[in-house]
């Protein structure tokens, strides 16, 4: 410590005669004032060195008063021993001035070398490579007969040579600041450096520190998200918005999903956002994140099932199952060719189809209900009428034939009648009558056609053609026959034929309750429209109800049911009161089956798949009626009334976020920024909007006002450039608004013609036949003239007066 104070004291001494501490940059190019010291070993005669002031590159010894000149009578002079010389005046043998006597000889002192007989030349100890005889931190200075070492700048001579000066400690003791302000001083060998703490930068002088305005760096604090950066000496701080946290002098987004794992319910996933978070419904669910419901992917189309697969919804997901006839995982289904295996069990032909197959039969066969077997088509049934008479079915086909008396036409279907009477009278004994497909033999009365249907003979027995009777034949004893008729018939006048009895013509109406219909040999009962014949009594009728009476109702009249309680509808159907609304179906008494999107007892309550938020009301299927402050399908979008202006965005009810510097509750206050400066004394009062001084106009107030003047010139003044008025005589002021001469009012009288309506009377005939005279009135118009006045004024100055 004492050694340090020694150095500091020496340093203070040097500082007092030198200059203040220089900057670290100067130390590389300058040397400090040297501390000079000499070699203690050298002893030089003071008188010999008295005239030496500064070291020189070479030393020339002082000329001695001694002489070595030999006079002509030098042989008589005394001789000096060695290399001593005789002094001219004293005749004493001495050594030259800087030489020292060494016995009988003269030798050069230390630091000099003998050159010639009596000349000492200085030895330059500083020659050679640095540092030479001096310390590493000193410079060598040659002196006559010696040398000196001078410490470099930043070092002081000590007991052990040149020692580093601690400028930082020296500044603390002396009060002379090596580094300024907040700069930190660090000592270095022979110098010092100034450094700045974090948050500062070095000043241009290299010794002081300047605070860094970290807030000038845009990336700090995430200011684009509304955070505020506040600069502090050597640092800065962040004032963070909700959803951010200040960490290590920065606004770091708070991950609400980690800090609050239950922020979203189990049906949604929490996704962190800058300054906030949002809940997103998990796959298989849909909604706004706050409320998630199972998504029916099969209905919404959000599935990946193949077109040939069935989609089945499950909570939070769905499944796919290939239809019958397809193979695959449901997401990809491929057709199975059923015809490859055993012909698809088809009896005839098998045709593969997407997801299925079909069996076809050969021509003339039809597919059985089992859809595999083939049965012969009975064309005689299926193609009824193709053959005119007889159709004969065959396996896979058919052919036509004709009844007796016909022959088949060449077309293979039509039958042509054979006229047997043209062939030997049809073998009839009497008369032959041709008929379609045959012929008939006729006999004249009382003959009967014999059993051979060809010959005629007398009727004596009922065996031959029933004795000629239509119905019943009876043989009498005398050999005659008697005819009788069946019930419902009566014998005709020929005593053989039977004619029908019309049972419906009597007063009993055939015993029918409503209608009686006669037919040969009998009758039947029918009913009026709206009735049918009863099955238990064919003479009675019962009413018909369409639709039939249900739920144990009884049909009591056409389309009139007597219904049990609770089923008053048509056909005793259920009835809902009030009726099922919005397409709902009444299933039971006051029980409705509602269409999708409606619910409630009468299907009056709408269903919204996603609930209406913020007090919205569901008024129709997936239709919300929002309060006045919200809008959108689910009333999730806030409204600002009036709306945000100038690009502002409504982020909450009546809360706007403005852009581009606009301010105010509705972003209606424009920023006072003019990209181009206003000129001619104009003042920027808004966004690129200047307020011009009088006499100028334009976007930047660059145009001088010509006409009109604003406000306009009065009393006949003329507008001049720069919005000034030239006033006529008798007026003054910026707008000629002040009168300096009296104003004389002028009045011009005139007559103005107008049309005026008036009522006038006249006498006219009136009464029956116009025999009376009456006073009548009518509206007429006449032109009249009214007095009018036109008032004016003029400025009348006294003659010779000027304004």
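Any Cβ shown, glycine's included, is placed from N, Cα and C.
TrEMBL tags one of the stretches 4-42, 43-81 as region 'Disordered', and that stretch is 43-81. Remote same-chain partners of the domain 'EGF-like' (636-668), defined as residues 6 or more beyond its termini with a Cβ less than 8 Å from a stretch Cβ, comprise 288, 613-614, 628-630, 687.
Mean pLDDT, taken over the domain 'EGF-like' (335-375), works out to 90 on the 0 to 100 scale.
When the disulfide-bonded residues 238, 586, 684, 709, 719 are ranked by how far their Cα is from the Cα of residue 727 (disulfide bond), 719 comes first. A C-beta separation below 8 Å, combined with a sequence spacing of at least six in one chain, links residue 586 (disulfide bond) to 569, 573, 574, 575, 576, 579, 580, 592, 593.
Across the disulfide-bonded residues listed here (238, 563, 576, 658), the residue whose Cβ sits among the most other Cβ atoms within 10 Å is 238. Rounded to a whole number, the distance between the Cα atoms of residue 736 (disulfide bond) and residue 709 (disulfide bond) is 12 Å.
Across the fold, the C-alpha of residue 674 (disulfide bond) and the C-alpha of residue 545 (disulfide bond) stand 90 Å from each other. In the structure as shown, the Cβ atom of residue 640 (disulfide bond) sits within 10 Å of 20 other Cβ atoms. The secondary structure of residue 572 (disulfide bond), as reduced to three states from DSSP, is helical. Rounded to a whole number, the C-alpha distance linking residue 545 (disulfide bond) with residue 572 (disulfide bond) is 11 angstrom.
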